[in-house]
Structures are given as C-alpha cells and as structure tokens.
Amino acid sequence: MEIFLQQIVNGLAIGSIYALVAIGYTMVYGVMKLINFAHGDLVALAAYVGLTVLMQAFGMHLSNLWAVILMFTVTAMFISLFGIILERLAYRPLRKAPRLSAVVSALGASLAIENGIMLIWGPNIKVFPSNIFPSTRWHISGVVINSTQIAILLLSIILMIALYIFINRTKIGTAIRASAIDQDAAKLMGINVNGIIIAIFALGSFLGSIGGLFIGIYYRELYFQMGWIYGLNAFIAAIIGGIGNIPGAMLGGMLLGIFNVLIAGYVSNTWSEALTFALLIIILIIKPTGILGERVAEKV
Amino acid sequence: MLLQLNNVFKTFGGIVAINNLSFEVRNNQILGLIGPNGAGKTTVFNCITGIYKPEKGTIYFDGKNITGLKPHVISKLGIARTFQTIRLFPSMSVAENIMAGRHTKCRQTWFDSLIRTPKYFKDEKENWLKIKYYIDLLKLSEYTTSIVSSLPYGLQRKVEIARALASEPKLLILDEPAAGLNNKETQELVDLIYQIKAMGITILLIEHDMDMMMSLAEYIIVMNFGEKIAEGIPSEIQSNPQVIEAYLGSE
Amino acid sequence: MRKNLVWYILFFTIAVIYPHFVDPSWVDIGTTFALYSVVALSQDIVLGKAGMFDMGHATFFGIGAYTAAILNTVYNIPIIYTIPIAIALSALFGIIISWPIIHLRGDYLLVATIGFNIIFYQALQNNLFGLTGGPNGIFGIGAPVIFGINISSQRAIYYFAWFILLITMLIIYNIDKSKLGRAFHYLRESEIAAESFGVNKRFYKVLAFALGAGVASLAGVIFAVQYAAVSPETFNFTQSVLFFTIVIVGGPSSIPGILLGTFVMFVVPQFFREFATARYFVFGIAMILTMILRPQGIWPAKFGKLPKYLTKES
C-alpha cells in the first residue's frame with residue numbers, strides 16, 4: 001500500500017509536467033485544429049536554454065534561489081517568444097492550406113529544432129545540477145516526498161488555476177474560447193483571430209517551457225531527441241482528456257502520469273510505451289473524443 | 001405509395017427536431033415540404049436518407065422498411081438527394097462528380113478494378129456513356145472536365161442534380177434547389193423538375209421560394225417546430241390560417 | 001496520357017541503365033528508393049486517396065520484412081513463397097487494426113495509427129514470442145529464386161525492386177481509373193455525399209487499409225532480402241513519419257508526386273552525407289519552406305482526366 005501511494009505521488013509529479021505540456025497541444029489544437037508536433041521539441045529546447053542560463057547564473061555567483069528564478073524567467077520569456085516566431089514563420093503561411101501540409105510543416109519545425117539543439121549543445125547527454133532545490137524530504141506515513149516534487153506539484157497547480165481563471169474570466173480568455181468554437185464567427189464578432197493565435201502560442205509555449213524546466217530538474221538528463229518522447233506523452237494526455245479542452249489536458253496529464261508510473265512499477269518497463277498507446281487506443285475506441293471532449297456533430 | 005413516414009420522432013440533445021411526423025408520397029408525385037426555418041425539414045430528409053436514425057417511428061420505401069438503415073444501403077434502394085449546402089467532391093471534375101451517382105450501378109468488383117478484367121472495361125465504358133447522357137441533359141458538356149469548386153454556384157447546383165439523376169433513382173429529394181439561383185436559373189430548374197417527373201421519378205422538395213413551390217408541387221406538407229401543421233394541394237395551403245400564422249407569426 | 005507515357009518510359013529507361021554508371025552504395029540507394037516509393041504509394045492509398053490520416057504505415061512495411069525473415073530463417077521457407085504469405089498476413093493485420101478505429105475522425109485516427117506503430121516497434125524490440133530477435137533483429141535472410149534465377153547479387157535485387165515498383169505503379173494507376181479509386185476519392189472529398197450515393201464507408205476504408213498494408217508488405221519482403229537482415233529501427237514511428245511526409249510533400253494521390261517526394265525526402269539527403277550534423281536541421285527548414293511554397297505538394301494530383309469518348313466533341 002505504501003509503495004502504491006509512493007507511486008501515486010511520483011505519478012502526480014510526472015503527470016503535472018505532462019499536463020503543463022499537454023495544455024500547449026490542446027490550446028493550439030482547439031483553435032487551429034493543428035497537431036503542433038514541434039511543441040515537444042520546444043519543451044526540450046526550454047530545458048537546454050534553462051540549463052545554460054542556470055550555469056551562467058552560477059558563474060555570476062548568484063545565490064541558488066536567484067539563479068533558479070532567473071532560469072525560469074529568462075527561459076519562459078525566450079520560449080514564449082520562440083513559440084510566437086514559430087507560428088509566424090511555419091504555420092501562419094499555411095492557415096488556408098490543406099491541414100496535412102501544416103502538419104508536415106510542424107514535423108519539419110520539430111526536426112529543425114531537434115537538430116538545432118544538437119548543433120548548439122552537441123549530441124551528448126547534458127546533466128542538470130542536483131542541488132537546485134534543497135534536498136529536504138518529508139516522510140508522511142511511509143511515503144517520501146522530496147522538495148522537487150512539492151515544487152513541481154505546487155507550481156503546476158498554481159499555473160493551471162491561473163490559466164483556468166484566465167481562460168474563463170477574462171476577455172482574452174473568452175475570445176480564445178470563442179475562436180476555438182468557431183473561428184469565422186469569432187472574426188465576425190470583431191475578435192482579432194491572429195492576435196488570439198499569437199496569444200495561445202505564447203501561453204502554450206510558456207507553460208511548455210515550465211514543463212521543460214521541470215523535466216530538466218526532475219529527470220536531470222537532457223538529450224536532444226527528448227522532445228519527441230515527452231511531447232508524445234503529453235500529446236496523448238491531451239487526447240485522453242479530450243483535445244481542445246483545457247481541464248481535459250490537466251486531467252489527462254495527471255492520469256497518464258499515474259498510469260505510466262504504475263505500469264513501470266508493477267507491469268513492465270520494456271512495454272511501457274506500448275501499453276500507454278494501447279490505453280490511448282482503447283479510450284479512443286470507447287470514447288473517441290476523450291474523457292472531457294464533446295462530440296461535435298457535423299451539420300448536414 | 002412510394003414513401004411512407006409513420007410517427008417519425010427525432011431529438012437532438014433533448015430538443016425535439018421532429019415530433020411524430022407522418023406523411024406519404026405517391027408514385028411520380030411532386031411533393032413539397034415547407035415550413036419556417038428550423039421547422040425540421042432537412043432533418044426529415046436526413047432521416048429518410050439514413051444520415052440520422054429516427055428514435056421512434058418507421059419509414060417505408062417502395063414497400064420496404066428502411067428505418068435506421070445505413071445511407072449507402074438506402075441509396076441502393078433508389079433514393080437520391082441534393083444537399084441544402086452543396087456537397088460535391090470539390091477537387092474533382094464535373095464528370096467524376098456525376099459518376100458518383102453511378103457507384104451503385106457499376107458492376108465491377110474491387111478486384112476487377114485492380115487488375116482490369118474485361119468486365120472492368122465494359123463496365124467503365126457503359127457508365128461513362130451514361131454520364132455523357134446526363135451531362136448533355138443538364139447542358140453541362142462545356143464543363144465536363146472542369147473542377148467543380150471552380151464553377152459558379154448555379155452550375156454546382158446543376159451538377160448535384162445530375163449526380164442524383166445519374167443514380168437512376170425512384171425518389172429524388174431536393175433540398176432547397178433554388179437557393180442562390182437567379183430568376184433565369186430558377187425557371188430552368190422548374191422546367192428541369194417537370195422533365196424529371198416526366199422520366200417517371202418521384203420528387204420530394206424543400207423550397208423557400210413560395211411562388212415556385214405553389215406552381216410546382218402537387219401536394220404540400222407544412223411543418224412547424226417539428227410537427228406537421230397542415231397538408232393539402234397548393235390552393236388549400238395558401239388559404240390555410242394556421243400556415244399563414246406560422247409564416248407571419250400570430251398577432 | 002501519351003505524354004505521360006513517354007515520361008514514364010524515360011524514367012524506367014534511366015532506372016535500367018543507372019546501376020551501370022554508379023558505385024555500389026548508390027545502387028543500394030537506388031534499390032531502397034524503389035522500395036520506399038512502393039511503400040509511399042501504398043501509404044497514399046490510405047492517406048492520399050481515401051483521405052485517412054495514417055501515420056503508422058511503417059508497421060505494414062515491417063510486417064512484410066519480418067514475416068519473410070522469420071519464415072525464411074526459422075522455417076526455411078524459400079523467400080519467393082513468403083511473398084504471398086507476407087502480403088496476406090499484412091492485409092489481414094490492416095483489416096484487424098483498422099476495423100475498430102475506422103470511424104475515428106482525422107487526427108484521432110492519426111494518433112491511433114501512431115499507437116499501433118509504437119506497439120509494433122516495442123513488440124519487435126522485446127523479442128515477441130522469441131521470434132523477432134529483439135533489438136538486433138534477424139540476420140541471414142536468403143534470396144528469392146525466380147525461374148531458376150537466384151536474385152542475390154546487388155544488381156539483381158535492384159532490378160527486382162524496380163520491377164515491384166513498376167507493378168505497384170500499374171496497380172495504383174488502375175485503382176485511380178476505376179470505381180474503387182473513385183470511391184476512395186469520394187470518401188476523402190465528402191464522406192456524407194459519398195455515403196448518400198451508395199459508397200459503403202466501412203468497406204472501402206478497411207479495404208484501403210488492407211490494400212495499403214498488402215503492398216507495403218511486399219516492399220518489406222524485398223527490403224529484408226536487400227539487406228539480408230531486418231531490425232526494429234527501420235520500422236519505427238520515425239520511419240512512418242518519413243512515408244507520411246513523402247506523400248504530403250510530393251503530392252497526395254499523384255504518382256509522379258510521390259516518386260518526387262521519395263526522391264526529395266530520401267535520396268537528396270544522401271547527397272549531403274558529409275554534412276551529417278547539419279543536414280537534418282536544414283532538412284527540417286526545407287520541409288517548412290516546401291509546404292509554404294507548394295501547399296498542395298510539389299506535384300499535385302490532377303483530376304478530370306477522362307476517357308476519350310467522353311471528352312471529344314461529338
């Protein structure tokens with residue numbers, strides 16, 4: 001039972017990272033109906049940029065806390081900007097093109113970012129320092145929680161609540177939701193859809209960059225192809241929750257995190273990806289629109 | 001009796017779209033279905049053609065119960081339709097679009113297609129020649145190889161009708177065929193519908209152009225809020241107070 | 001039509017004399033080009049013609065290669081007999097895999113097919129039933145013998161692969177100009193209109209997967225022969241992305257487009273082998289630029305090519 005609870009705690013930490021990344025997929029998909037395959041690589045890029053900033057900060061003899069704050073701010077700003085530029089260069093020219101052309105453009109962007117990382121940081125594994133958060137551990141009825149996990153969970157939950165309020169309570173949030181339902185109608189209502197798309201790329205990339213930094217802090221090992229695998233998992237999370245649905249992405253992320261950890265812990269490590277995808281396919285067969293997704297009937 | 005609807009009932013998310021609707025279409029009749037926007041007319045068509053499954057009630061076509069059958073099965077029995085919002089195959093040519101109507105009539109199996117058996121050649125030629133007939137009938141020969149999405153609206157409507165005719169249906173369902181057409185095109189359409197009737201085809205028609213409907217339809221069903229509120233020959237409908245109320249609203 | 005025929009004859013003539021002018025490594029590239037073209041053309045049946053977003057087609061390529069490899073090395077069945085078995089098995093898999101997911105719309109189908117590819121890949125990696133040889137794969141696959149000729153030399157395999165490409169192109173051409181191909185196109189363009197005119201959606205969609213899977217499997221068998229070995233890496237999800245991209249970049253449902261797509265996506269990178277580190281970076285950017293400049297693909301499909309007796313004035 002204790003082991004099980006421990007797994008759940010670990011799963012929630014991983015799950016919140018998936019959730020942060022999944023939101024980026026789901027928001028872009030919601031408005032543009034595009035699987036942004038480059039999102040995962042943006043997440044990987046965030047981890048690398050974060051590491052570089054952190055090393056620079058340590059080089060300047062900043063205290064641990066300030067170095068981490070600097071890492072988060074600089075990385076988040078850089079990646080958000082990167083997301084906006086990516087949209088402008090690779091996706092906006094294809095807004096009216098066949099959908100799969102934009103998908104291929106996204107695959108191209110993914111390839112370019114992945115190999116760009118390799119060109120800048122080299123093909124070898126980079127390692128995050130281990131002392132970013134204090135090595136405090138809490139023992140609660142046999143379950144060990146370390147400060148990194150607490151930080152990840154807390155910060156993720158805060159960000160997700162903030163996002164939820166932003167989407168549901170602000171004017172821009174309403175505009176984003178309106179654009180997701182019907183872009184043309186939104187345009188007619190005077191919503192600047194271009195502006196909305198820039199906003200979702202900035203927001204999605206921002207949350208993804210936090211996810212990427214958490215990956216760096218939590219797993220510590222960085223390799224240039226890592227965007228694919230984390231991206232794919234986050235993307236599955238978005239679909240399980242119901243793509244286009246922001247609370248769905250959060251829920252899907254958490255569920256997938258727990259599922260992954262339980263599979264690795266109780267079933268098999270070598271079959272984990274296959275089982276994750278088997279779960280996804282089963283969910284799609286039973287409920288094609290994911291847990292919280294609504295079926296959109298086509299008007300005839 | 002070619003088509004018979006008995007107490008057909010259909011809801012969407014709790015909202016009743018069709019409420020216990022019954023009516024009949026006789027052989028070679030032109031039957032009009034009218035009603036204000038949102039009355040459920042197109043939903044009736046979608047239930048007949050199998051795109052929606054009615055929750056209650058039965059639909060008989062040519063003596064056969066077709067309730068809840070798949071669209072492709074119903075099509076094979078001899079029902080063809082046009083769509084309110086044109087649904088052609090946009091990047092294909094006029095001839096290829098019309099050829100869709102021949103899908104159930106083509107006799108080649110997928111294997112004949114794959115390795116080009118003699119049956120394939122015979123079947124292709126037969127059916128393409130049929131297409132030529134319908135292209136000529138609708139005076140579309142100028143546009144045979146044109147990609148349909150590049151054609152003006154009026155011509156696209158014609159291609160839709162040609163496609164439906166090419167399937168040699170017993171019942172032709174036209175969903176607002178005059179929408180978006182100019183006067184001259186509408187007149188052509190009226191002539192065409194008479195011509196189709198003369199071919200022995202039964203026609204079920206939704207149309208907002210009342211003048212056209214009153215002159216064309218032999219019998220009219222009036223719907224409002226998913227229910228039938230009146231039926232009769234055009235002159236009866238024109239003087240029916242309930243119909244006038246439905247269209248103009250009560251005082 | 002005439003003009004196209006001239007181009008195709010020229011294309012195959014060049015292919016026939018090509019191996020006599022290049023060194024062996026480029027003969028291998030020519031063989032793989034032919035096989036990848038076959039896979040891309042088979043993927044196109046599903047993706048380009050029937051309009052289903054399939055991003056897991058390397059699965060069927062792999063089923064072919066592994067079926068031949070296992071039957072040949074474990075059960076000593078001559079390669080030539082493994083071909084029909086591999087095609088049938090892969091087509092059957094295509095049917096079984098696609099049946100439950102065929103109703104999924106667009107991107108959901110795409111994700112499900114990625115899923116099957118990843119499950120397949122991990123099954124190969126984990127040495128399923130002790131037959132797939134794990135991460136190292138299977139070695140020592142024999143060569144086919146046809147009419148007493150042993151197809152084992154590099155050139156013989158090259159010509160065999162090109163022969164398979166020719167057959168595949170003929171089949172694809174036949175599909176396009178028939179009821180079968182039109183039904184696929186109708187489904188892609190408007191499902192509701194297609195169904196309303198009698199196209200059995202489920203039948204044709206599953207059939208597209210079965211045909212696509214069968215043809216890809218055929219290429220897989222020859223691929224196993226070419227390298228006398230198979231390993232999981234060649235059939236992973238990245239490989240599916242390559243085939244997917246070939247179709248979209250080249251021009252969905254267009255035979256010349258897909259041949260060009262294979263050339264651009266597979267052969268061109270071979271020229272830049274020396275720049276190993278930077279080439280995929282540049283390649284990714286080239287993919288974006290290609291789509292922006294040619295959103296319909298480099299050589300889009302053309303519709304409206306009709307039989308003569310229909311178009312000529314009478």
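Just so you know, glycine gets a Cβ as well, placed from its N, Cα and C.
Feature annotations, courtesy of TrEMBL:
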type: TRANSMEM; residues: C:5-21; note: transmembrane segment
type: TRANSMEM; residues: C:58-75; note: transmembrane segment
type: TRANSMEM; residues: C:81-101; note: transmembrane segment
type: TRANSMEM; residues: C:108-124; note: transmembrane segment
type: TRANSMEM; residues: C:156-175; note: transmembrane segment
type: TRANSMEM; residues: C:206-229; note: transmembrane segment
type: TRANSMEM; residues: C:241-268; note: transmembrane segment
type: TRANSMEM; residues: C:280-299; note: transmembrane segment
Verify whether three or more Cβ pairs under 8 angstroms connect the transmembrane segment (C:280-299) with the transmembrane segment (C:156-175), leaving out any pair fewer than 6 apart in sequence.
-> no
When each of C:5-21, C:81-101, C:241-268 is checked against the transmembrane segment (C:280-299) for Cβ pairs under 8 Å, which one has the most?
-> C:241-268
Take the transmembrane segment (C:206-229) and find every residue of the same chain, 6 or more past its ends, with a Cβ under 8 Å from one of its Cβ atoms.
-> 28, 31-32, 35-36, 38-39, 41-46, 49-50, 52, 54, 57, 60-69, 79, 82-83, 86-95, 97-99, 102, 137-144, 151, 157, 160-161, 164, 168, 171, 175, 180, 184
Residue list, the transmembrane segment (C:58-75) vs rest of chain: Cβ under 8 Å, 6 or more residues beyond ends.
-> 39, 42, 81-83, 85-87, 89-90, 93-94, 97, 113, 116-117, 120-121, 124, 131-132, 137-142, 212-214, 216-221, 223-225, 229-230, 232, 234-237, 239-240, 242-243
